Structures are given as structure tokens and as C-alpha cells.
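Asks: What Swiss-Prot shows for this protein is this:
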- D287: active site, proton donor (ACT_SITE)
- N172, E238: Mn(2+) binding site (BINDING)
- I175, Y176, R177, R189, W190, L191, R194, G195: prenylated FMN binding site (BINDING)
Amino acid sequence: MKYKNLREFLDLLEQKGELKRITQEIDPYLEMTEIADRTLSKGGPALLFENPKGYKIPVLCNLFGTPERVAMGMGQEDTKALRELGKLLAFLKEPEPPKGFKDLIGQLPQWKQVLNMPSKVLNKADCQQVVISDDDVDLYQLPIMHCWQGDVAPLVTWGLTITQGPYKKRLNLGIYRQQLIGKNKLIMRWLSHRGGALDFQEWKEANSDKPFPVSVALGADPATILAAVTPIPDTLSEYAFAGLLRGHKTEVVKSISNDLEVPASAEIVLEGYIDLNETALEGPYGDHTGYYNEQEYFPVFTVTHITMRKDAIYHSTYTGRPPDEPAVLGEALNEVFIPILQKQFPEIVDFYLPPEGCSYRLAVVTIKKQYAGHAKRVMMGVWSFLRQFMYTKFVIVCDDDVNARDWKDVIWAITTRCDPARDATLIENTPIDYLDFASPIAGLGSKMGIDATNKWAGETQREWGTPITKNPDVVKRVDEIWESLGIED
């Protein structure tokens, strides 16, 4: 099913028992996080806090708190169907010309989906039913969650930050946390390689005296939200990809104070600018690592306008030690990554980002090994092919007889097929997440690849072990008599 706006998605979730309305008064200061965290850890429903303490606007949490809800938000029946979405992205990333008429006919469904890519610009939109401007702007009227007791201030978490570089036609949508520091001020924490930061840097070089326009949408439709966290090709806008997910064009409307187009169905939109010379010290905040991060200076976003629906919903989340919502998103989007990687490396059988690895810091890859040194090639490919994995610290490569998603299997492969000196590849001075305080220098650290494959000639001088296997006839015989033996499973 496809959803035109967030409300349609919430209606369906409620029908399926996947949304719980909380009518009791709950404080956005710490209490919502505690309730959301307990609920998510048990695979529970999305939560709509209808009576946040001190505020009139309800708060939505845990929207994508299970992989199944992520798949639903992308218009898919289950997480397995996300593989097909990954195949479409692989096609868009590197489209292949048809080899003949039959192949052309086979590609028609993919090209038909591309027709849904351009956005549809509206003159009037629900997200602008209420307009607050200038001195009336007061971010303290929004129920912005204060997630952890060590956090320095309330934090905007699920805002879709919309930017555009001076030389680009496409808009960029990114999700960057934003610290509340004043009634019209937020700190925009974006890392230097992210799309918004790149747009900002290009703007500074081209317009040394003009503020950088920014709009932030909260509570967009699920396809648009998820497009912002999906590994789409750099040449494709998130709005275009959302149109593919939804099956019809993304409806947008021009911001009131700038030329940026925002999701027409968004619940709340913050409009404003970043002064090129204004920064502030951000943090500390509890993050997806399970720790509080270091403080660092980032640009300040000045909000000049707030537009919203008359009965707006504030969409929020928390981040902490997995499981949290980012970890769940990573688990679901894992299925999207696989076909993209397989198009470049057909030997890859499976690719898994364990949620315990903080979404992306450790990857397990299984391959159909074809030659000596093959595992090392795959390691390098994982680190370099998609920008999403430039911060992956550990890549473990196993043969295809190992289940990448079973730690018992992976550990068995490491301990029986790996020699630390021969099979561990260390690379120093590589890009690392700024939040990774384990690295010796902020933003710069090392990576480790572990070759846990069976070794071929040229990789070892010893006779390699033969795995123990069971006799299939005996297995079948015991299966037939098992119940009669009276042994409990």
C-alpha cells in the first residue's frame, strides 16, 4: 500500500494494531524516551503521545521501530521485498542498455517507475495552513524531546533538512540532529561529507556575503522520510526516489521565505537561514553508540518562519545503544544494500550489518570465493563502493557455507579459518565517524578486515581441513523415527 501523507500511514498502523495512542500526560523530558525505549526493545507499536506535558502538539515516536514498519513505509509487504527495491536502485545507479527487443520489454516496468520521479509543485498545501513568522517564532512551543539526562538541551531528531547548492538543480534531503539553543535558533550538526554540508560549503565559496537558505520538514509522508535515509544514487533526488516508492509524484510546495520546495503534506516546516559566520558549540548528546559524544562547533540555523497543519503532529525519536530506531532502520535497509553491492560484486551472497554494531560499524559478507586474495578485494569494495560504508570499521568476509546473520557460525569461521597475522588487514588514517571516540583523532582512524574464508593455494602452505558433514541417509532415517524416540526437542 502507498501513502500520500503521514496520516494515511498512521491510520493503517492503527488498524493493524501497530499504533498505540497514549492519552496520559507524558513529559517530553526523559519520560517519552523511557517509554519509547522499552516499547521498541520488545518490538512494540509506534507511539502517539496525545498529551505531552506542557504542550498542545502531540508527539509521534517509534514510527519505524520494527523492520516490518520500515518495509510498510516503503510500500512493501515485508522486508524481503526490499531486495526488489535494491535491484531498482542498482539499475538506476548503473542502468544497462537493452541487449535486444526482448530485453527492452523486460526493462519497461523499471522505466515506467521512473516516470513517477519528477515532483509535482502545488500552489497551496496543508503544511502551510498555519504560518508563524518573525518575532512570533518560538521553538519552545514545540514538544521537542530531551532524550537523556546528560543531554545539554532538547534535540530535533527527525527533521528532513532541505538544501540546494548554488550549482545544482536537485534538492538534497538529509537528516541531521539539531540542538535547541534559542526561541529561533538551532545548531545544525552535519558531517562534512553529508549532502547538506556539501551544499553549504559550495554556497560559502560562491556567496561569501549571503545567508544560506534552509528549510526543515517534520512529519512528512513515510516514503519521503525513508528516501532521506536510503542509499540512492547521487544524481537522484530524495523527492524523486520517494515518488518511485509511492507510485506517484511527490507533492511539494515552495517555502514561504525561500525558494526551497518542501513536502506539501508535512506536519511542521521550519524555514530560515544559516549565517555563514555563525557557529555554536554542539552537544554533548547521547547517541546511537550508547555513549555521549564530544562537543564540537557547527553552523547555527536561524528560524524565521514556522508553518504547520492546524492539528499538527510532532515527529520525534531518540538514539541510544542498540536497539534503537536507527538500528532498526539499518537492519531493514540492509536488504536494500545487497542488490546494489551484488551488481558490482556478483560473488557476494549475503551482506549483514548486525544491529549491535551501531548500524554500520561492522559488516559480515559471505562470498563465492573464486581465487586467492578474493576476500581482500571484497573488503576494499565494501569500504569504497558506497559512501554509506566509509565509516564501517570492521569487515568480516566468510565463505558462502557460513550464515552471515548467525554469530555462532561467523565466530566458528573466524576461529577455524583465520590466522590473525595473515588474515587481518589493517588500514590506518581512514575516515571515521566523528562520534567514534575510540579513534585516536576525531574523524580519522583505522579499519580492520578479517578474512575468515577457506584458504586456497598461495594463501597457505598447509593442507586445509575438510569440514565434518553428516550422512544424509542417516539424517533422513533419524528424522523418520525421531518422535517415537521420545526425546524432547
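Cβ atoms here come from the backbone N, Cα and C positions, even for glycine.
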Asks: Would you identify the secondary structure of E238 (Mn(2+) binding site) according to DSSP, in three states?
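Replies: For E238 (Mn(2+) binding site) - judged by DSSP and reduced to three states - the answer is helix.
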Asks: Among the binding-site residues listed here, R177, R189, R194, whose Cβ has the fewest other Cβ atoms inside 10 Å?
Replies: R194
Asks: Counting only residues 6+ away in sequence within the same chain, which have a CB under 8 Å from the CB of L191 (prenylated FMN binding site)?
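Replies: A197, D433, Y434 - these are the non-local Cβ neighbours of L191 (prenylated FMN binding site), listed in sequence order.
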Asks: Look up Y176 (prenylated FMN binding site) in the DSSP assignment and reduce it to helix, strand or coil.
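Replies: In the DSSP reduction, Y176 (prenylated FMN binding site) maps to coil.
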Asks: Restricting to the same chain and to sequence separations of six or more, state which residues have a Cβ under 8 Å from that of G195 (prenylated FMN binding site).
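Replies: T163, N172, L173, G174 - these are the non-local Cβ neighbours of G195 (prenylated FMN binding site), listed in sequence order.
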Asks: Below 8 Å Cβ to Cβ and six or more residues apart, same chain only. Which residues does that give for E238 (Mn(2+) binding site)?
Replies: L171, N172, L173, T224, A227, A228, T230, I232
Asks: Cα-Cα separation of Y176 (prenylated FMN binding site) and D287 (active site, proton donor), in Å?
Replies: 12
Asks: Counting across all protein chains present, how many other Cβ atoms fall within 10 Å of the Cβ of the residue listed as 'active site, proton donor'?
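Replies: The answer is 22 other Cβ atoms.
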Asks: Give the distance between the Cα atoms of R177 (prenylated FMN binding site) and D287 (active site, proton donor), rounded to the nearest whole Å.
Replies: 10
Asks: Are there any residues at least 6 positions away along the chain from I175 (prenylated FMN binding site) with a Cβ closer than 8 Å to its Cβ? List them or say none.
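Replies: Sequence-distant Cβ neighbours: T157, W158, G159, L160, T161, A228, V229.
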Asks: Write out, in the order they occur in the sequence, the residues of the chain not among I175, Y176, R177, R189, W190, L191, R194, G195 that have a C-beta within 8 Å of the mean position of the C-beta atoms of the recorded prenylated FMN site.
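Replies: Result: T161, G174, M188, G196, A197.
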Asks: Which number gives the other C-beta atoms within 10 angstroms of the C-beta of W190 (prenylated FMN binding site), all protein chains shown included?
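Replies: The answer is 21.
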Asks: With every protein chain in view, what's the tally of Cβ atoms within 10 Å of the Cβ of N172 (Mn(2+) binding site), excluding that atom itself?
Replies: 21
Asks: So if I draw a 10 Å sphere around the Cβ of Y176 (prenylated FMN binding site), how many other Cβ atoms end up inside it?
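Replies: For Y176 (prenylated FMN binding site), the count of other Cβ atoms within 10 Å is 22.
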